[in-house]
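Q: Take this structure first; my questions come after.
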Amino acid sequence: MPTHFLHFRIPDFVFCNNLGEETALQPYVDKEKVIFTCPANTSQCDVCLKDAFRRPQEEIRREICQCPSQFQGSSCEECAVGYRREPVGGPKTSMCVPCTCNNRAKTCHPETGECDCQFNTGGLFCDRCKDGFYGDPKAEPGTPEACQPCPCPSGAKCVQTKLPLDKTTSVVCIDCPDNRTGIRCERCGENFYGNPVAGIPCRPCECSGNTDLRAVGNCDHVTGECKKCLFGTSGPHCERCLAGYRRNIKATNLTDPEFSVTPGETAYARGCQPCHCDPRGTLAVSGTELIGACDQETGQCTCKSGVTGLRCDRCRPGFFGFESGRVILINLCL
């Protein structure tokens with residue numbers, strides 16, 4: 001179909017689009033020339049100018065604008081490649097300006113201005129290194145100063161740190177994966193143990209629930225040995241009671257499945273409780289504490305000869321003198 005090109009001197013006219021809506025062309029087109037595509041059987045184009053009318057029987061025609069370099073589209077309603085709206089998110093009558101991409105991208109989103117960053121850069125305007133990289137995003141690509149991969153395990157990020165009086169910078173890994181920590185994510189985090197450098201994954205420390213998870217240094221980061229046992233416990237996994245302590249027996253409630261136990265079995269709770277052995281009738285353990293020894297399961301204190309009771313706090317039949325601190329045998333056969 002042949003095309004006729006007609007040239008008009010355009011003041012601040014408003015053209016009608018196909019929906020009958022007025023479209024302001026002043027920001028979009030060169031006022032000296034607009035190109036209209038006309039049917040072959042017409043000598044000129046019928047255009048709808050402001051305050052004019054279109055005859056109902058005529059076919060609706062579409063204007064095609066010759067746009068400045070920063071615009072594109074049949075009505076110059078879009079930003080051209082390499083341009084974005086100003087302001088960001090502005091209406092289609094707003095201007096288009098070159099993408100601001102720090103010379104690290106050729107294109108950007110025409111509405112939001114977000115750059116299609118290259119050379120390991122990121123951010124809205126390619127003004128930082130992308131996640132997993134560090135360096136100077138403004139440095140020449142390929143140089144040591146440009147964005148480089150973080151010396152961290154996969155999944156971690158890194159940041160550059162510099163002390164006020166230090167001229168050198170150091171790279172520190174952050175957001176370490178798999179429960180790891182350290183400048184290079186080289187060791188296990190708090191309450192975990194293993195050896196990531198040797199390929200041994202970090203696993204939770206097994207301290208029988210007898211540590212404060214908010215504390216620092218609960219267990220050895222490599223061996224997993226528990227270091228800060230609480231609630232009267234001891235052992236490499238806080239699995240034993242201290243001398244003079246017995247295991248806590250969990251209160252049972254047959255109506256609550258969480259606390260119910262099978263008949264004949266004993267359910268233990270976290271930690272241990274003091275046996276409260278009477279020091280006057282209990283054998284002391286070695287050491288300066290002189291804590292009375294007791295069975296960690298039953299709580300039975302180790303009584304002196306002639307003394308009885310769970311806490312070794314009374315005389316056996318045939319003995320007296322407990323109150324004086326001495327146990328004296330009475331020969332009842334006399």
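Numbering starts at 1 and runs along the chain as it is shown here.
Glycine too: its Cβ is placed from the backbone N, Cα and C atoms.
Checked TrEMBL, it gives:
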| type | residues | note |
| --- | --- | --- |
| DISULFID | CYS117-CYS126 | disulfide bond |
| DISULFID | CYS303-CYS312 | disulfide bond |
| DOMAIN | 99-149 | domain 'Laminin EGF-like' |
| DOMAIN | 275-334 | domain 'Laminin EGF-like' |
Q: With DSSP as the reference, give the number of residues of the domain 'Laminin EGF-like' (99-149) in helix, strand and coil.
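A: DSSP composition of the domain 'Laminin EGF-like' (99-149): 0 helix, 10 strand, 41 coil.
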Q: Taking every protein chain in this structure into account, which of the disulfide-bonded residues CYS117, CYS126, CYS312 has the most other Cβ atoms within 10 Å of its Cβ?
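A: For the disulfide-bonded residues CYS117, CYS126, CYS312, the Cβ with the most other Cβ atoms within 10 Å is CYS126.
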Q: Are there any residues in the same chain, six or more apart in sequence, whose C-beta is under 8 angstroms from the C-beta of CYS303 (disulfide bond), and if so which?
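A: Looking at Cβ-Cβ distances below 8 Å from CYS303 (disulfide bond), excluding near sequence neighbours, one finds GLY281, THR282, LEU283, GLY309, CYS312.
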